[in-house]
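Asker: OK, TrEMBL features for this one:
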type     : residues : note
DOMAIN   : 19-358   : domain 'Acyltransferase 3'
TRANSMEM : 20-36    : transmembrane segment
TRANSMEM : 56-80    : transmembrane segment
TRANSMEM : 100-117  : transmembrane segment
TRANSMEM : 155-175  : transmembrane segment
TRANSMEM : 182-201  : transmembrane segment
TRANSMEM : 216-241  : transmembrane segment
TRANSMEM : 307-326  : transmembrane segment
TRANSMEM : 338-361  : transmembrane segment
Amino acid sequence: MQKSPNEIDNFLTPDDTKIMKGIAIICMLLHHLWFFPNRIPGGGVEGIFTLFNAPATSYLGIFGKICVPMFFFFGGYGVYKSSYGKPYDIVGRLKRLYFAYWKVFLVFIPIGFLFFSSQEQYCNDPFISTRFNNFVPRELLSNFFGFTSTYNREWWFLISYVFALISFPLIRAVIDRYSARINLFIIVIVSLLFAHIFPGLKTVTALGVLGHSHMYLRFFCQIAPYAACFWMGAIVARNGLFDRLHGSMKQHGLLNPLVDIAVWCMVIVMRQNEVGDIFDVFFIPVLTVASMDLLNHVKLLKKGIWYLGRQSTSMWLIHPFFCYYFDVPAKIVAAPHYAIPSLLVLIAMTYIASVLLAYFWKGVGFVFQKANAVKINFKHFGASGEKQ
């Protein structure tokens, strides 16, 4: 049952993966902006039509939460492909993740305490406007390492993703051992366990200690099969399932813009009205093939989403401050009052902030390099200026 080495997936290039992450970040921003009117100044944004007797903003807003399974899926896909045939660098992976997190943390959390510590309540959720009212060193340290997310509750899945990265050697061992069919069967079982069985165990009296285990709650008790999506991404990469799916859809004439849009509509309706998020492990591969085909017909849009994907990690970490926690930016985002314009404002503000943050840290690095060079030269020549 050992897999041959030539079946690894080649459908998504690194740039294509950025494009899919760009789609995921758009879903994330519309989810947080449209689905939580109690967190938005003025009571939320308005749509112009309804879907299935619900406001379109709420209907599409809750669908937007597919962003988290998407990030986990493409995380598993990318980790498997980049580590294929070589040792898995867990330290390097965690270092890159935490450095990206800390670059945002070290800028925006001080800004919160300096400028937004005494905000008036500007939305219906009192949690939002009081995040930076009280400084507690222990809370700061816990948030710094991602164990809690009281400064920005949209950072909650950082630690779950950390556990996914830590578990990858086990995932890879299972995937490499079995065929694609067995791996797909395993992923169905894993989805059921993570979404339904493990969360129930924490309420069993005899196993009550599980309800107080941080690792168990973060990794095994999830409201959607995020860990299973990470696993599924690795399975798709290992077994060339994107290539197979793309080939099959092309063979049957199912790759054209109209079908691509129909696939998105079908998945949205099925996920919202029928099966829920348990099938995200299968929805995401289908949406990926349809999305890439559609964007290949709209090159300008594809390029724009690619730019968003390049900044997707920073945009995930930054956007809640503009959408919720900082009153002035939040009011600017809500000012258009309608869903699409407000979303475009949030995307623009978050993207610009992400780019500026990257330049800021590049500048900091440049200053440190220059300072170290001066220090080395000073030691080399001595205080008198003579070479030692």
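Glycine is no exception: its Cβ is also placed from the backbone N, Cα and C atoms.
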Asker: Which stretch, 56-80, 155-175, 182-201, 307-326, 338-361, tops the Cβ pairs under 8 Å count with the transmembrane segment (100-117)?
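Answerer: Result: 307-326.
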Asker: Could you give the mean pLDDT over the domain 'Acyltransferase 3' (19-358), rounded to a whole number?
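Answerer: 92, rounded to a whole number.
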